[in-house]
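Peer 1: What Swiss-Prot lists as compositional bias 'Polar residues' is 243-253. Feature annotation from Swiss-Prot assigns disulfide bond to 25-38, 33-51, 45-60, 67-80, 74-93, 87-102, 109-121, 116-134, 128-143. What Swiss-Prot lists as domain 'LDL-receptor class A 1' is 24-61. Residues or ranges marked as domain 'LDL-receptor class A 2' in Swiss-Prot (evidence: sequence analysis): 66-103. Sequence annotations record features per position, and here Swiss-Prot assigns region 'Disordered' to 243-337. Under the heading topological domain 'Extracellular', Swiss-Prot lists 14-169, citing sequence analysis as support. Annotation source Swiss-Prot lists topological domain 'Cytoplasmic' at 191-337.
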């Protein structure tokens, strides 16, 4: 008989799960949930619900808080959240203790917070942010319309929305200052470079002789004649028909020529040649030859070019203007080029 009862009891304990849980819960140190499931006793009141009905986190003594003055301690005593997250419509604590008994604390729903229509309180920064923080969408109503007088809802002011504007302003000002400094430095470098170029110009100019300014470059044709006339300066005549003479820069004045000792030839200070006697001057019908400073003698008329020169065509001397001032009747010299 006793053997039969023992067999029936073992079969019943294996077929009925409730009895199995009861057997496990009889072990010292285990906790039985409200649905009959057993969990280790160390999981009870640890801040994490292990039972499906969360009965292991109910009626737990509040642990000693280790949070700072600006934080809210969760019921488990392990987690801490920012104080302003308490009663904001979201369960920030794992056990949801931050959203319990919110309406029972009038200080948590003071005028500094937003009152939802379902009697929840959230922070002002969550109003009109595009999210349903009140769980009834009351924090997203009338976001683009002006606030009605006497309404209990407070909306985020423009000052709260512009919290980050000072940093943006400082960034723009700093960028502008850096840009101005870079432009000023670039302008200073260009000015210094230009000043150096201007200072180096006179050095190159002094390296050339001073007489280069008196040089005349002539584009000689195949047949040409150049006439040097003291009164009219230098005249250029082409052999291919008479062209209008080109007036070139006149020779230097007498004072400049006398003072310019470097351009004097060696025979400049020699005495003049002897003049012929009166009888010889009467018998001669031609003027005495004129000796130029270069040492070559020429007659009063134009000098013929020797054969083989590129300019063999003679050109008459340009007639003088009768209205011009009287000169010393110095002869002109024609030199073939």
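Along the chain as shown, residues are numbered 1 onward.
Note that Cβ sites are derived from N, Cα and C of the backbone, with glycine treated the same way.
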Peer 1: Per DSSP, what is the helix/strand/coil residue tally across the domain 'LDL-receptor class A 2' (66-103)?
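Peer 2: Output for the domain 'LDL-receptor class A 2' (66-103) reads 6 helix, 6 strand, 26 coil.
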Peer 1: If I take the Cα of residue 116 (disulfide bond) as reference, which of the disulfide-bonded residues 25, 74, 93, 128 has the closest Cα?
Peer 2: 128
Peer 1: Relative to the Cα of residue 134 (disulfide bond), which of the disulfide-bonded residues 25, 67, 80, 143 has the closest Cα?
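Peer 2: Nearest candidate: 143.
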Peer 1: Just name the most isolated of the disulfide-bonded residues 33, 60, going by other Cβ atoms within 10 Å of its Cβ.
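Peer 2: Fewest other Cβ atoms within 10 Å, among the disulfide-bonded residues 33, 60, is found for 60.
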Peer 1: Expressed to the nearest Å, what is the distance separating residue 128 (disulfide bond) and residue 87 (disulfide bond) at their Cα atoms?
Peer 2: 18
Peer 1: When you put residue 80 (disulfide bond) at the centre and draw a 10 Å sphere around its Cα, which of the disulfide-bonded residues 74, 87, 93 have their Cα inside it?
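Peer 2: So far as Cα distances go, the disulfide-bonded residues lying within 10 Å of residue 80 (disulfide bond) are 74, 93.
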Peer 1: Counting each residue once, how many in the domain 'LDL-receptor class A 1' (24-61) are helix, strand and coil under DSSP?
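Peer 2: Residue counts for the domain 'LDL-receptor class A 1' (24-61) by secondary structure: 8 helix, 6 strand, 24 coil.
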Peer 1: Spatially, which candidate from the disulfide-bonded residues 25, 38, 121 is nearest to residue 102 (disulfide bond), comparing Cα atoms?
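Peer 2: With Cα distances computed to residue 102 (disulfide bond), the winner among 25, 38, 121 is 121.
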Peer 1: Using C-alpha atoms, which one of the disulfide-bonded residues 33, 45, 74, 87 comes nearest to residue 121 (disulfide bond)?
Peer 2: 87
Peer 1: Counting Cβ neighbours within 10 Å across all chains shown, tell me which of the disulfide-bonded residues 45, 67 comes out on top.
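Peer 2: It comes out as 45.
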Peer 1: Hey, does DSSP put residue 121 (disulfide bond) in a helix, a strand, or just coil?
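Peer 2: For residue 121 (disulfide bond) - judged by DSSP and reduced to three states - the answer is strand.
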Peer 1: Would you find the one among the disulfide-bonded residues 121, 143 whose Cβ has the most company, meaning other Cβ atoms within 10 Å?
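Peer 2: Sorting the candidates by Cβ neighbours within 10 Å, the top entry is 121.
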